[in-house]
Amino acid sequence: MRKFLREHLQLMELLICILFFMAGSLMAVSLFLRASQVEKQSQELQSAVNAAQQQAELLRISDELTEPHLYFDAGWQPCDADDAVYRLDISSQNEHVLSLSVYRLTHEEAELIYSMETGGRL
């Protein structure tokens, strides 16, 4: 009887250890997944900032607003509106303020990623 009880307790202890190991593993995997998501969001934000700054500099040099919307694919290369994943909206509130907004396009809506206003000539 004592031998049976001792074996039973050892099995319970082993099961508890396995459960703790599984819980720790799940937490580690979830941390890695979250880190991956944050990295993708950070890369997307940095690309949006670069696109907006580049366009603002080009507009500052040329002094003319030719297109109010620019479209980019998933690799941030210029493309048509039909193939676009991102859209850069450019508007001039007056001759001294330029507003640039970058959106992620989905089937339902456009989600704002980055927005900036610049002073200076247009």
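Glycine too: its Cβ is placed from the backbone N, Cα and C atoms.
Taken from TrEMBL as is:
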type: COILED; residues: 35-62; note: coiled coil
type: TRANSMEM; residues: 12-33; note: transmembrane segment
Long-range environment of the coiled coil (35-62) - Cβ separation under 8 angstroms, sequence gap at least 6: 70, 72, 76, 86, 88, 90, 98, 100-102, 104, 113-114, 116, 118, 120-122
The coiled coil (35-62) [mean pLDDT, rounded to integer]: 91
